[in-house]
Amino acid sequence: MQLYLPIAEVSVNAFLLLGAGGIVGFLSGMFGVGGGFLITPLLFFLGIPPAIAVATGANQVVASSVSGVLAQLRRKAVDFRMGGILLAGGVAGSGLGIWVFALLKAMGQVDLFVQLSYVLFLGLVGALMLNESLRTLLRSRNPNAPIRRAHVHTWVHRLPFKMKFRASGLYISVLPPLGVGAFVGFLAAVMGVGGGFIMVPAMIYLLGMPTKVVIGTSLFQIIFVTAFTTVMHAVTSQTVDMMLALILIFGGVVGAQIGARVGVRLRADQLRILLALLVLAVSFKIALDLLLTPGETYSIVAGRLP
Amino acid sequence: MTILRALLALLLSVLPATAEQIVLGLSEYRVSITADFDGSEILVYGAVKRQEPIPAGPPLQVVVTVEGPSTPLTVWRKDRRWGIWVNSAAVTIDRAPSFYAIATTGPLREVLSETEDLRHRISITRVIRAVGIAAQADDSPAFVNALQRIRIQEKRFVLKERSVALSDQTLFRTDIELPAALTEGDYRVRVFLTRDGRVLDKLERSIFVRKEGLERFFFRLAHDQPLVYGLLSLFVAVVAGWLASAAFRLLRN
């Protein structure tokens, strides 16, 4: 069944979109990530214009994060104070990101910038995650290996403006969370992602937050950052396609619930290795597109050069 | 009575003194883009009206064009820089139609002379207005060629020679396919009668292509009330997320 998307002005197979939303939802439910880093490239691949894919991707992440955070709230695994600080940084970063996005769009380099961000950040996070989880796996097989300290004091803990975060059991400066929030907000705006794949490792390794509150808190602040991004994209460039978002959300929420069920049956360390491989595969695919000679070196964009 | 006669005389003097004239019909004058829009087909049919017998000499030919709304475009060329492919040069095209189809009774070059093509802007090359592009990039004609090549590949520019059926040099008909990825606007339908490459008569009609229903609502809201639209899409996302979580909790219990 073909469906005409009113904002993207293309006609796409509705079942293909539902399937894409479902697969991404399945993976995000299984691994506990937003899935924005998968949906946006998938939409490029299905022929949705990049600007629409990024803005609509952000809208879809709002829905999946709301669904996820409700589950975490019931487990009391959300640090609202930390979330608020991250959010303050996130909104500033997102605003900057929207501005950069519009600037790059005018320069004709937005596709390149989005692709490079994907290659760089997915590659980096994927490699770190793979390294970490392989080491954990090896350590679990070797009982004599040295035990790592859970909490290491670094330069992060010597910064001013300290604040107590009771749910996380932390007393640290507000500057690192603000910075992390701003950085992730920026990525959310230019990549159409929630930024969970950067936020989660940053919270664990940089801020030293306990793992049990990390996912809930990250989802909590991602809701607001992607909500802000969605509205900003809608206002500045009219690139949010509600019809597209609805189908992706529907496929996504169903997929996420099934994924979560499957994820429970798999072991955590194996899950992490799978997720790392998936992230690396996406990064590799986008890198190939940049490196290989394209079939068509010309492209057409509506409107004049400014 | 004298006034009527004078009017008639005036009318006759204004009317072109062509011996062969087009009478035209379209299967549709309005195309609605709804959610399940999957392209459309327009039947263009008509007849040649004449007061005298069919003139001797080269046979009558018919050219039908359908043209979507024109907009300015920018064509980018990628080049390899630091090992990766980067957009490096751009040419702005003043006006190019979002859709353009030509159907003819024979090979376009035989049906239409170069001068008539230039005057009426009929072929794909002529319908693209690329003025003053030479200064924008080296080898700027390559950009216009690329625009044509990509649009032809996307089936947005279509040249179908010999697809107009003409019987007894009098009745003609052709089907023009409108693609699924259609933009809103007034689509101009032109029909030319030619003989020996010269245009004898031409006629123009419009087809109104409009988004309808939900499509129209979303599109108008997104452009007229972007803030309301943004907030609405947020609301929908939040409600969908909450509903999903609630529904599956119910299912589990």
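Using N, Cα and C of the backbone, Cβ positions are placed for all residues, glycine too.
Database features, via TrEMBL:
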TRANSMEM  A:12-39  transmembrane segment
TRANSMEM  A:85-106  transmembrane segment
TRANSMEM  A:112-131  transmembrane segment
TRANSMEM  A:165-183  transmembrane segment
TRANSMEM  A:189-207  transmembrane segment
TRANSMEM  A:214-236  transmembrane segment
TRANSMEM  A:242-264  transmembrane segment
TRANSMEM  A:271-288  transmembrane segment
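Sequence-distant contacts of the transmembrane segment (A:189-207), counting only residues of its own chain at least 6 positions beyond either end whose CB sits under 8 Å from a CB of the stretch, comprise 33-34, 36-37, 39-40, 53-58, 61, 65, 82, 86, 93-98, 100-101, 104, 113-114, 117-118, 121-122, 125, 128-129, 156, 168, 170, 172, 176-177, 180, 183, 214-215, 217-219, 221-222, 225-226, 229, 232-233, 279.
When Cβ-Cβ distances below 8 Å are used as the criterion, the transmembrane segment (A:112-131) is approached by residues 37, 40-41, 50, 54, 100, 104, 187, 190-192, 197-198, 201, 272-273, 275-280, 282-284, 286-287, 289-290 of the same chain, each at least six residues removed from its ends. Below 8 A, the CB atoms of the transmembrane segment (A:242-264) and the transmembrane segment (A:12-39) form 3+ pairs separated by six or more positions in the chain. Comparing A:12-39, A:165-183, A:214-236 for CB pairs under 8 angstroms to the transmembrane segment (A:271-288), the maximum falls on A:12-39.
Cβ atoms under 8 Å from those of the transmembrane segment (A:214-236) belong to residues 32, 34, 36, 54-55, 58-59, 61-62, 65-66, 68-69, 72-73, 75, 77-80, 82-84, 86-87, 90-91, 93-95, 97-98, 102, 167-168, 181, 184-185, 188-189, 192, 194-196, 199-200, 203-204 of the same chain, restricted to positions at least 6 beyond its ends. Within the same chain, residues 1-3, 5, 46-48, 57-58, 60-61, 64-65, 68, 118, 122, 188, 191-197, 200, 215, 219, 222, 226, 244, 247-263, 266, 271, 274-275, 278-279, 282 sit at least 6 positions outside the transmembrane segment (A:12-39) and bring their C-beta atoms closer than 8 Å to a C-beta of that stretch.
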